[in-house]
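Per Swiss-Prot, these features apply:
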DISULFID  CYS46-CYS59  disulfide bond
DISULFID  CYS103-CYS213  disulfide bond
DISULFID  CYS110-CYS204  disulfide bond
DISULFID  CYS115-CYS164  disulfide bond
DISULFID  CYS226-CYS256  disulfide bond
DISULFID  CYS236-CYS248  disulfide bond
DISULFID  CYS304-CYS337  disulfide bond
DISULFID  CYS389-CYS446  disulfide bond
DISULFID  CYS396-CYS419  disulfide bond
LIPID     CYS776  S-palmitoyl cysteine
REGION    164-204  region 'V2'
TRANSMEM  683-703  transmembrane segment
Amino acid sequence: MAHTSNHLFILLLLISVYGFLGHKKNYVTVFYGIPAWRNATVPLFCATTNRDTWGTVQCLPDNGDYTEISVNITEAFDAWNNTVTEQAVDDVWSLFETSIKPCVKLTPLCVAMRCNNTGTNTTTKPITTPITTTKPSENLLNDTSPCIKNDTCPGIGLENTVDCYFNMTGLRRDEKKQYKDTWYEKDLECNGNSTSTICYMRTCNTSVIQESCDKHYWDSLRFRYCAPPGYALLRCNDTNYSGFMPKCSKVVVSSCTRMMETQTSTWFGFNGTRTENRTYMYWHSKDNRTIISLNKYYNLTMHCRRPGNKTVIPITIMSGLNFHSQPLNTRPRQAWCWFKGNWIEAIREVKETIIKHPRYKGTNNTERIRLVGPSAGSDPEVRHMWTNCRGEFFYCNMTWFLNWVENRTGTTQKNYVTCHIKQIVNTWHKVGKYVYLPPREGTLSCNSSVTSLIANIDVYYDGNDTKTNITMSAEVGELYRLELGDYKLVEITPIGFAPTEIKRYSSTTPRNKRGVMVLGFLGLLAMAGSAMGATSLTLSAQSRTLLAGIVQQQQQLLDVVKRQQELLRLTVWGTKNLQTRVTAIEKYLKDQALLNSWGCAFRQVCHTTVPWPNETLTPDWENMTWQQWEKRVNFLDANITALLEEAQIQQERNMYELQKLNSWDVFGNWFDFTSWMAYIRLGLYVVAGLIVLRIVIYIMQMLARLRKGYRPVFSSPPSYTQQIPIRKHRGQPANEETEDEGGNEGAYRSWPWQIEYAHFLIRQLRNLLIWLYNGCRNLLLKTSQILQPALQPLRLSLAYLQYGISWFQEAIQAATRAARETLANTGRALWKALRRTAEAIIAIPRRIRQGLELALL
């Protein structure tokens, strides 16, 4: 038995030693260049191949290198909650507003005008062709239709214009002058009578209207967005992506988006870059808003024309204020647009795509899905298809077109529509603001490819039937959610923390030799799907590539800002380029400042002396990515950062003290008075300490000598001078001693003055203690006497409260006992009743049998 116990003891001892030696403490290690990121909202900048247009004069030159690298990660994407799409909407609006350049206030034109509703230029009725006499073939145009060239297709009339006269002070403020102006009928509000009509410019009472003072017109621009240095763009490359996907597994990374074109229109999107040989849609995750990309196979196009030979002249009203007017000799014909392509099949495919969408809950019958326009009470930009053609705003009535694509019997079906032109329009980005555009001279024509459809999917119940309306929408911003909704802007966070067993200033660990990896700037995130262990071995090459890419992009931005410094005020891109430059510099300096504050400047792998704060949280170097690890330790970042800064401060303090000691190696420092003062002060402290030590030793020696003699403790001071010393018995001295000799050294010698001084100290200390005791006792007595009246009600209240609590406890206990007894009695009674009922039910067959037996007997 003892032998077994010894074996167990030895085994436990070995296990303890092995555990002590095998357990190694982990320390915080800083890694620079890891493939990790977080969502960002910094400004993007533009790149374009066309540097001739005014809107892109400040964009970076696009070299056509649109590189995308696949990343083995899973990321969430949302086209509506997306900083890329929001920036696109804001920037395009800024370009749109800059192109108009509103600067001349037209508030002085809010005067009463006398307008004609008679005459050759205003009374001509629109040229229309009755539906009954129009052949069906004439309602559908093609490239060979003769009416296209002359703008005489059935249903296209003359534009409703009005000549108005008004009086206003001109260059001479004391004299009024009569002016003549021609207006579109839709831009006036009139009250007519038999003789004349009094009209006002529309929206005079709601807004300050401004007219363009520069001849810029809104032309489409092609450009792409690029991320600032230190940032990247992730894109969901999944064909099933429909505007919202919390886990997209097919992700690519790039530094720029695809090329896109500025679009400002309702109902349809024109000249988009997302068209494919399929129809797909983006659906809002919490709403019925959608944007549908049309199949390019059907070759859908729209051709718009504004006939006429207009001239534009400035009218000087008041001093230095010019207003662009449009005198007309004859009424112009209406603007109109016609649609080419297989629209009927395209809309049928749109309906089938809606049915297949997982969020759709309506009918599966395409005959019950209709393409409709918005309600009649909406704004003109919503009720009509609103677009811009060479500076003129077209408001097109789409009833004929909807009747055609839906094949509505009994209605007018045409593949072209008539459009009205308005110069006072509602803005599409800021509610309630109006702008005024001067018309462009001559005949205008615009040709566009129709690439998308903006709509709301409305499911409703008509009796027992479920129907669906594809209601056309005026959300211009949806066009850019289709163009850029699959992108996501992220900030690369190259600094990461992980626990390792290596402490700072330890010997260098052996590293595996690997081939040099040539990575571009995007190659940093290409390693995002790799394990942490494999990624950490290539941090040197990655960090060098990262820094090189940041420096290169910064240099490009700096060059373009320097070259076009005088044009920064023209467009939004000048400001965004400067913001991007500042953002890049701030990010780089911030990372380097953090590394420097931890003592890890210009290091890819930096070991520290800070212990890892959570020993239970360690990474799986072979199976875990850096992005996954960063999400797990995100809550430790603040704590680790503070610990690293404290450790670095302590190290710098130690280095400072060491350098102060090393400074004595220089001969000249010996003559520095400030250095000597510290040592002089230290010497004074040493002398004072020696004096105090000497006093303590003296007191201890005096007390030791007092213990050798006898004296009554409470005797009076003179008594110890009369004390009879007790001598030790000793024999006759060997030699005769004279009076001058000191006698035997072992004889007792009394020191009366030391004893008297000690007695005096004891008496004073005793008096001091008695005084302190009496003072404290008196203070406590007075305090208790003062607090007694105030504490008495409190004590009484506490007694009442204690009594109430005890009574409440007893009441609860009594109620509990009563409830328990009641429940027990009720349960027993219920159980007896149930048992009797069950016995009665069980006895029924026996009673029946007994009854039958009695009946048979």
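Backbone N, Cα and C define each Cβ position, glycine as well.
Each residue contributes its Cα atom, and for CYS389 (disulfide bond) and CYS59 (disulfide bond) these two points are 24 Å apart. CYS204 (disulfide bond) falls outside any helix or strand according to DSSP and counts as coil. A gap of 53 Å separates the Cα atoms of CYS115 (disulfide bond) and CYS226 (disulfide bond). Neighbour density at the Cβ, taken as the number of other Cβ atoms within 10 Å, is lowest among the recorded positions CYS115, CYS226, CYS236, CYS396, CYS776 for CYS776.
Across the fold, the C-alpha of CYS248 (disulfide bond) and the C-alpha of CYS256 (disulfide bond) stand 20 Å from each other.
In the structure as shown, the Cβ atom of CYS446 (disulfide bond) sits within 10 Å of 19 other Cβ atoms.
Between the CA atoms of CYS46 (disulfide bond) and CYS226 (disulfide bond) there is a gap of 6 Å, rounded to the nearest whole number.
In terms of Cα spacing, the recorded positions CYS59, CYS236, CYS337, CYS776 that come within 10 Å of CYS396 (disulfide bond) are CYS337. Counted within 10 Å of its Cβ, the other Cβ atoms near CYS337 (disulfide bond) come to 23, all protein chains included. Closest to CYS236 (disulfide bond) in space, going by CA atoms and restricting to the disulfide-bonded residues CYS59, CYS110, CYS226, CYS256, CYS419, is CYS256.
Recorded residues CYS164 (disulfide bond) and CYS337 (disulfide bond) have their alpha carbons 29 Å apart, per Cα-Cα distance. When the CA atoms are compared, the disulfide-bonded residues lying within 10 A of CYS304 (disulfide bond) are CYS419, CYS446, out of the candidates CYS226, CYS419, CYS446. Take the Cα of CYS256 (disulfide bond) and measure to each of the disulfide-bonded residues CYS59, CYS204, CYS337, CYS419: the nearest one is CYS59.
When the CA atoms are compared, the disulfide-bonded residues lying within 10 A of CYS337 (disulfide bond) are CYS419, CYS446, out of the candidates CYS110, CYS226, CYS419, CYS446.
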